[in-house]
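Copied over from TrEMBL:
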REGION    1-20  region 'Disordered'
BINDING   Glu43, Ser44, Gly45, Lys46, Ser47, Thr48  GTP binding site
BINDING   Ser47  Mg(2+) binding site
Amino acid sequence: MCFGSRDKGDRGLARSRDIDKQLRQDEKRLSKEVKLLLLGAGESGKSTVLKQMKLIYSQGFSKNEKLEWKPVIFSNIVQSFKVIAEAMNEHDLQFDNPDNEASQVLPPRYDCLSYGSDENFE
């Protein structure tokens, strides 16, 4: 006579039910998950699209993510302004307009291109 085989069978059956339940829950959760494959050349905006989707359809960015991206964003702003200033200098365009009242209250202009690289902002 085999004692305990029924107990093992009951435990196995209960374990099987738990696994089946977990599989159903996972399947339900995954059926709501959308997977998207973004293809494109480098610098074509794939990351930007992904970030916009996260902002629009998710809870946005965590405080930690915001802190991580802050120096990158700041550096991008500085680099972009530097490119604009260099192009204006190359094409002999004035940054301010002496006839504009707002330009008269601004501090004297300085050469923003002579302040070196943006390594200080990283």
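Backbone N, Cα and C atoms are what each Cβ position is placed from, and that goes for glycine too.
Listed in chain order, the extra residues whose Cβ falls within 8 Å of the Cβ center of the GTP site residues Glu43, Ser44, Gly45, Lys46, Ser47, Thr48 are Gly40, Val49. Its Cβ taken as reference, Lys46 (GTP binding site) is surrounded by 13 other Cβ atoms within 10 Å in the chains shown.
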